[in-house]
Amino acid sequence: MQPVVGIIMGSQSDWPTMKLAADMLDALDIPYEAKIVSAHRTPDRLWSYGKEAAGRGLKVIIAGAGGAAHLPGMMASKTRVPVVGVPVQTKALSGVDSLYSIVQMPKGFPVATMAIGAAGAANAGLMAAGILATSDAELAERLDTWRDALSASIPEEPIDE
Ligand code: RP5
């Protein structure tokens, strides 16, 4: 199926985190592609990906990077397709560096920035699903079902572990 979400990441080392976004899209039956696109190591790839994204039918881009995490912001500069940014957790600065590199975009070129690390990546998948569900009734139903199941799985009282 034609991908409607593009998951991009700065490095192979980001994949264990970004796979959590992919897992969410799989769970909701949303077609996606996953690519390594580095703002620093493959700038030409970033440029052509951004230039072609809308024309190829991508409706949301999930962009994850760590450290000097310029990928989400640069992608937002190159395409009108909404960009959801995932700050990947780093060893040196725990991902605060990634977060600050992604979140403070100048007026005009927004990135919807998620939390650092695993929760952020999973939520990026859900954010993409929510955006797509505004114009896809069947997906909206699948997303509602998923959310209801999560709520139902939360016990009312804690137990000793
Ligand atoms: C960033 O640098 C990547 O997004 C990655 O999070 C980080 C480290 O990359 P590697 O040195 O592991 O390839 O560009």
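Even glycines carry a Cβ here, placed using N, Cα and C.
Predicted automatically and left uncurated, TrEMBL annotations should be read as such.
Taken from TrEMBL, the feature substrate binding site applies to Ser11, Asp14, Arg41. Positions annotated as domain 'PurE' by TrEMBL: 3-154.
In sequence order, Met9, Gly10, Gln12, Ser13, Ile36, Ser38, Ala65, Gly66 are the same-chain residues whose CB sits within 8 A of the CB centroid of Ser11, Asp14, Arg41, the residues recorded for substrate being left out. Model confidence over the domain 'PurE' (3-154) is summarised by a mean pLDDT of 98.
Long-range Cβ contacts of Arg41 (substrate binding site) within its own chain (separation 6+, distance under 8 Å): Gly10, Ser11. For the binding-site residues given as Ser11, Asp14, the lowest number of other CB atoms within 10 Å of the residue's CB is seen at Ser11.
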